[in-house]
Amino acid sequence: MTSGLWELVLKGVWVTIQLLVCSALMAAAVSFVVGVARTHRLWIVRFLAGFYTEVFRGTSALVMIFWVFFVLPPAFGWQLVPLWAGTLALGLTYGAYGSEIVRGALSAVDPAQKEGGIALSFTPWQRMRLILLPQAVPEMIPPFSNLLIELLKGTALVSIMGMGDLAFSGNLVRLALQESAEIYTYILLIYFVIAFLLTRVMRGLEKKLKGGVGKPVGSTADQELSRPQTTGVGGAVS
Amino acid sequence: MNWDWSAVSDFMPDFWKGLLVTLQILLLGSLISFVLGLVWALLMRVPSRWVTWPVGAVTEFVRNTPLLVQLFFLFYVLPEWGLTFSALSTGVFAIGLHYSTYTMQVYRAGIEAVPVGQWEAATALNLPLRRTWTAVILPQAVRRVIPALGNYVIAMLKDTPMLMAITVLEMLGHARLFSQEHFQFTEPLTVIGAAFIVISYLASLLLRALERRLVH
């Protein structure tokens, strides 16, 4: 491969990372807002948040991307820049998976903690901010780490819409060289390295946060079977 | 926003064709992933580093890289090596292989969740290794993991549209073809989006019912 083609691949890596960061931030925001809304005391808020989750988890990420690229522009007169269209589609879809994680972790906090907050006459917002979230967030890190890897894999989908990410640059190089084994091996390896680095970072974060509340790191077989699925509809498996 | 019902009815014949292909992919892909996943999980228990290390590395690699690129890899590279399959069978194999690396984790957890007393009882009864697995461990492990496997079937359903990228005409492929022929993007895409929501919601209800039956 010539250096010009490598430059193309590097550009693809850069687009993939930009898209990953933007959509991860959006997905995190969506998952916390929707996840906390699912524990709200008003049933209508809980219902709307649950409806959002079911709809966006129920549909395929790729169909969602097509929808944002082709249906939104004529329907509402918006034409989004590809990067933002991709961010919107991925953020909304993966945010719905993330909201399940947030809800699961919040409901896994010992009820006595919540009652303690009520007894001390904390407002609901104070309870959430000072008691529930500090204990729930460290528990969310391992499933969020899995979800982040899923999101990284999801960013490859925008290449179908012609956005110049890593998978797209792979296709261009294949067309240029008329030879596919080498370039696709490189592309897969690059994705694997990014995923590996992300896992390491998230594991470090988990250690730091769990150390803060005095909990052991790692998971057991029981947790593996009962963890909220990052890619499935149908609620918790237990 | 203008919604055209006649476009919806025009699209419906293509939609059913696409749905059939999608379900075909889903069924065959799940079968491959269930079988291969069990094979990986059992290989990971072989007490030799020469087996577990390569299997672990390969499955970790497949799990952490995008299915889309794996599809391209198989679709474009296998013919270079002289192996030609149809787009559909390549896609089914790729999706089955990809998800087998997930189901492998599920089987592993299920096998580890079998109480250690069951192993000890099998040893005490002098059961051969084969009988221990087929008559004692696996029946208990598989029962436990069925709900988790079902979740991955639903996840797989939502990844089937990716096969469109290697020219398989499943639901999204038909929708795109129809859109390009008739310049109507809104209706077909919305119809298949809704279809995915309906199918995965129904499947999740089915799964919950199954789960309740297995628990009690």
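Glycine residues also receive a Cβ, built from the backbone N, Cα and C atoms like all the rest.
Where the annotation comes from TrEMBL, it is an automatic prediction and has not been curated.
Keep in mind that this is a model prediction, so the values were computed, not measured.
As annotated by TrEMBL, compositional bias 'Polar residues' applies to A:220-231.
Marked as domain 'ABC transmembrane type-1' by TrEMBL: A:13-202.
The region 'Disordered' feature in TrEMBL is assigned to A:210-238.
Annotation comment: TrEMBL describes A:12-37 (among others) as transmembrane segment.
Residues annotated as transmembrane segment in TrEMBL: A:49-70 (among others).
Residues 15, 18-19, 22-23, 25-31, 34, 52-53, 55-57, 59, 61, 64-65, 67-69, 147, 150-151, 154-155, 157-158, 161-163, 230-231 of the same chain lie 6+ residues outside the transmembrane segment (A:76-97) yet bring a C-beta within less than 8 angstroms of a C-beta in it. Here TrEMBL flags A:76-97 (among others) as transmembrane segment.
Residues 1, 5, 8-9, 11-13, 15-16, 19, 61-62, 65-66, 69, 82-83, 85-86, 90, 183-184, 186-187, 190-191 of the same chain lie 6 or more positions beyond the ends of the transmembrane segment (A:156-177) yet place their CB under 8 Å from a CB of it. According to TrEMBL, the feature transmembrane segment maps to A:156-177 (among others).
Sequence-distant contacts of the transmembrane segment (A:183-201), counting only residues of its own chain at least 6 positions beyond either end whose CB sits under 8 Å from a CB of the stretch, comprise 1, 9, 13, 16-17, 20, 145, 148-149, 152-153, 156, 166-167, 169-170, 173-174, 177. For A:183-201 (among others), the entry in TrEMBL reads transmembrane segment.
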